[in-house]
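Since the structure comes first, as structure tokens, the remarks are kept for the end.
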Amino acid sequence: MPPGMSRQGALALRPHDKGVDRSPASSFIFRQKAHSMADVVVQQGRLVRNARPRKASGLRNMLGRKSTVAFFLTLPLILLIALLVLYPAFFSLYLATLNKAMTKFVGLGNFTFLFKRETFWMVVKQSCIFAVTAVVFKALIGFIVAHFVHNIPGKKQRKWRGMLLVPWVIPPAMSTLAWLWLFDPSYSAFNYTLSFFGVGPIPWLGETFWARFSVILVNVWYGAPFFLIMYLAALKSVPDQLYEAAAIDGANWWQKIWYITLPMMRNIIAITTLFSLIVTFANFDIVRILTSGGPLDTTHLFATWAFQVGIQSSDIPLGACVSLFMVPILAVAAIFILRDVSKRGNEA
Amino acid sequence: MSTLVIDKAGPTRKLGSMSRDRAWALRWSYFFLVLFAIFFLTPPVYMLITSLKSSAEISAATNPWWVFHPTLSNYVELLTSNQFLRFFWNSSIISIVVVIVTMLISIPAAFALARMKFWGSATLATGVFLTYLIPDSLLFIPLFKMLAMIQDFTGITLLNRWYVLVFIYPTLTVPFCTWIMIGYFASIPKELDEAAIIDGASWLQTLLRIFIPVALPGLIAATIFAFTVSWAQFLYPLVFTTSVDQLVLPVGITTTLIKGDVFNWGQIMTGALLGAAPPLIIYAFLMDYYIAGLTAGATKG
């Protein structure tokens, strides 16, 4: 009698099964394929058998198990992450310890070599200036514009939001070309316009200060709409009653923002800022197309310098070494994001 | 007597000032929105202006913000150039294949992670999210070396071939798509799939007949994301491909249209505008899905 047998099987399996589950020696998801969640699985198996009294084979039984199905469903994802993300990440650690011809192990030689180079410290400094300044301005502009969009009547919000998000939609490589043309030394449309106000031609990409200013400006232009959309969604989730109560208590607009809007949006602001910090810090396209690191390597970020050293000068180990310096700050940001995201998950 | 008058006048005056404040706040909002819209839209508009100019007009250095002799010659030239069409074709085929591969990987995985609590499922979901935070600029050097080594080892040409990007791009799209699909799948009421299983549906049937139709908006958002990411990707094709016939659009425009110091700006802007067109068109028609995908990234479900 198949249904009864399967139930007996479940009873017999369960104690053994739990013992296996709780054992700390756990290698991979493979293990649970055979063992865990037996009660649920067998329940499902029983239902199937009730529907179809024909006795199923062992293989078929195993294939029907929830854990087996789950394993096969996630297998491509696991393979992709393991082979094309995790493996290269550790491979770059290994690469960073080789000499230029990749024939000899040099330990931390590449790292000490970098520490002695002035360009490296300039890249560190410029990456930090670039990321922090750009993220602060993106967050500020996003916050301000989100309030303006939130202020206007609901029907028109859609149109404005659609218009203001355009920089985020255009592929950054394409829009940076437009900026490059706007900054052009001899035909700059900006300098043409500024000349009417008596402001002399500005060397947008030719001088260190202006080149740094320009790459940050383009990054702010590209990233601010993302903040705008996130903040707008957050603003809409703040209940109106809070503002009404504050208005009755005589709060001015500043107090409303400080005591209601900011605390209510705290989490989304944190996540968006940290996320943007990662993306900005690892930015490549904008600097590569606008300045290629120049003038005199003063606008290089980790990514563009790693590209120049590792691919263009084909010193792969040194390039890998340069890009590895991004890891600490990325890791810190990632940890905080993870904390905030899971907090949000618990709130919901 | 006087108090009564004040009582009557008080509320009306207050109301009047408040609505006046509102009106002013509205006017100021519009004023600043126009300013920011000018800032945000200047580059794309300038692209369009320049793309309509002939190179003679560009080098004449007339008012750059106006087209005196509009011409479509840049568009005609690019759209009849085999090279440019080749870039467009490469970009399209790569993006479409990447979208399909991404969906085939992330939908089943998201289904398993959202519904089947198995050993390590929570860890794997967190891992997927962390993978999403790993930028391309961290991995391009080891990936380049890996491809070179595989090429030496097996004799299959991988470097300088567009199809290798089809394998690399999913590392950028799959984590995010899986992550937002987990959110969408988790929001589907459990009763729905329990009912299906009681009726004798297999896991596959539950996924195909219940989860995918119900979570269709999330699926569209994920598809749009995967498409725009693979269309816009610049670093990987720049590193992995070099021959003109293997380039994708962003790399092709930046490397072939800029010949030494000669910048044919009319054509560059036309190419950039045409390259920006597919994401812009998708955005124009599916804005709500686009924004849903954007905001879903930072939230859990």
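Note: Cβ is positioned from N, Cα and C throughout, glycine not excepted.
Predicted automatically and left uncurated, TrEMBL annotations should be read as such.
Here the structure is a predicted model, which means the values were calculated and not measured.
According to TrEMBL, the transmembrane segment annotation covers B:28-49 (among others).
Per TrEMBL, transmembrane segment is recorded for B:87-112 (among others).
Residues annotated as domain 'ABC transmembrane type-1' in TrEMBL: B:88-286.
Sequence annotations record features per position, and here TrEMBL assigns transmembrane segment to B:118-141 (among others).
Residues or ranges marked as transmembrane segment in TrEMBL: B:162-186 (among others). Nonlocal intrachain contacts for the transmembrane segment (B:162-186), taken as residues 6+ away from its ends with a CB within less than 8 angstroms of a stretch CB, comprise 90, 93-94, 97-99, 101-103, 105-107, 109-111, 113-115, 125, 128-129, 131-132, 136, 139, 143, 147, 211, 215, 217-219, 221-222, 225-226, 229-230, 233, 236-237, 240-241, 246-248, 293, 296-297, 299-301.
Here TrEMBL flags B:206-227 (among others) as transmembrane segment. Sequence-distant contacts of the transmembrane segment (B:206-227) (same chain, six or more residues past either end, CB-CB distance under 8 Å): 95-96, 98-99, 102-103, 106-108, 111, 115, 173, 176-177, 180-181, 183-185, 188, 192-193, 196-197, 278-279, 282, 286, 289-290, 292-293, 296.
Sequence-distant contacts of the transmembrane segment (B:265-286) (same chain, at least 6 residues past either end, Cβ-Cβ under 8 Å): 44, 46-48, 50-51, 53-55, 58, 74-75, 77-79, 84, 88, 91-92, 220, 224, 227-228, 231-232, 249-250, 252-253, 257-258. The annotation transmembrane segment is assigned in TrEMBL to B:265-286 (among others).
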